[in-house]
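J.: Here it is, the structure, as structure tokens.
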Amino acid sequence: METRYTHSPADIRHYSTEQLRDEFLVEKVFIPGAISLTYTHNDRMIFGGVTPTTEELEIILDKELGVDYFLERRELGVINIGGPGFIEIDGAKETMKKQDGYYIGKETKHVRFSSENPDNPAKFYISCVPAHHKYPNVKISIDEITPMETGDPLTLNQRKIYQYIHPNVCESCQLQMGYTILEPGSAWNTMPCHTHERRMEAYVYFDMEEDTRIFHMMGKPDETKHLVMSNEQAAISPSWSIHSGVGTSNYSFIWAMCGENITYTDMDMVAMDQLK
């Protein structure tokens with residue numbers, strides 16, 4: 001597991017492209033047959049990919065977290081963006097097709113991941129945050145979620161937002177997690193943009209062609225910067241930063257947030273004339 005530290009807006013004012021990428025971009029999220037995780041000190045979120053092939057995988061981080069087992073004091077969100085697979089939670093095994101999700105509460109002792117076909121492995125994207133209360137484990141299917149439809153073809157930002165871990169779907173301590181799909185012909189996400197000082201966020205972009213690129217916008221509204229990202233890469237968004245993106249073609253992304261509250265609409269909108 002890689003550790004990333006926090007930064008003030010003043011810290012990144014003079015960062016080079018390489019420095020910015022080193023601090024906020026995760027280039028390899030899904031590694032076949034392996035677990036690839038990042039621990040960010042922004043609200044102590046752990047996120048990354050679990051990509052089982054021939055053998056099942058289990059996240060073991062007791063020493064790193066100073067606990068007896070991974071979810072002793074944490075809650076976990078999972079969404080599969082790859083081939084069909086399985087998740088086993090304290091001995092109970094469930095199938096997980098593409099776009100299936102799971103909320104797993106604190107004090108769950110074992111979570112094991114496996115794939116149905118090693119040649120088409122499941123790709124489990126996970127987000128894990130500190131938790132103070134144990135809530136029930138809930139399997140979540142995209143078919144059961146009524147998407148929030150937003151944007152407009154004229155502004156190139158028409159998209160569907162599927163809220164997986166959200167008060168309308170399941171209980172959680174502070175984790176929110178969802179899946180956004182852009183409509184054909186749209187390129188922008190989260191524009192007009194916003195910040196939310198009370199929550200950090202992490203994005204992973206996927207379902208992209210090899211030569212498609214995302215220009216992920218970040219920074220204070222009056223001093224923006226960007227990361228150029230390719231398929232299945234992730235970005236860390238501190239609470240003070242905008243988080244928006246535009247693609248050279250279609251894409252999807254998973255977002256995950258944690259912080260002071262679980263109010264999805266608690267955000268500070270940024271007027272277009274404030275952007276620089």
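Cβ atoms are placed via backbone N, Cα and C, with glycine included.
So Swiss-Prot lists the following for this protein:
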BINDING   H194, H196, E201, H243  Zn(2+) binding site
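Walk me through the surroundings of each of these features.
T.: Take the CB of H194 (Zn(2+) binding site) and look out to 10 A: across all protein chains shown you find 15 other CB atoms. Secondary structure from DSSP puts H194 (Zn(2+) binding site) in a beta strand.
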J.: Report, as a single number, how many Cβ atoms besides its own are within 10 Å of the Cβ of H196 (Zn(2+) binding site).
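T.: Other Cβ atoms within 10 Å of H196 (Zn(2+) binding site): 22.
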J.: Neighbourhood of the Zn(2+) site (H194, H196, E201, H243): other residues with Cβ within 8 Å of the Cβ centroid, in order?
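T.: Along the chain, the qualifying residues are T190, C193, T195, R199, S237, S239, S241, I242, M257, M267.
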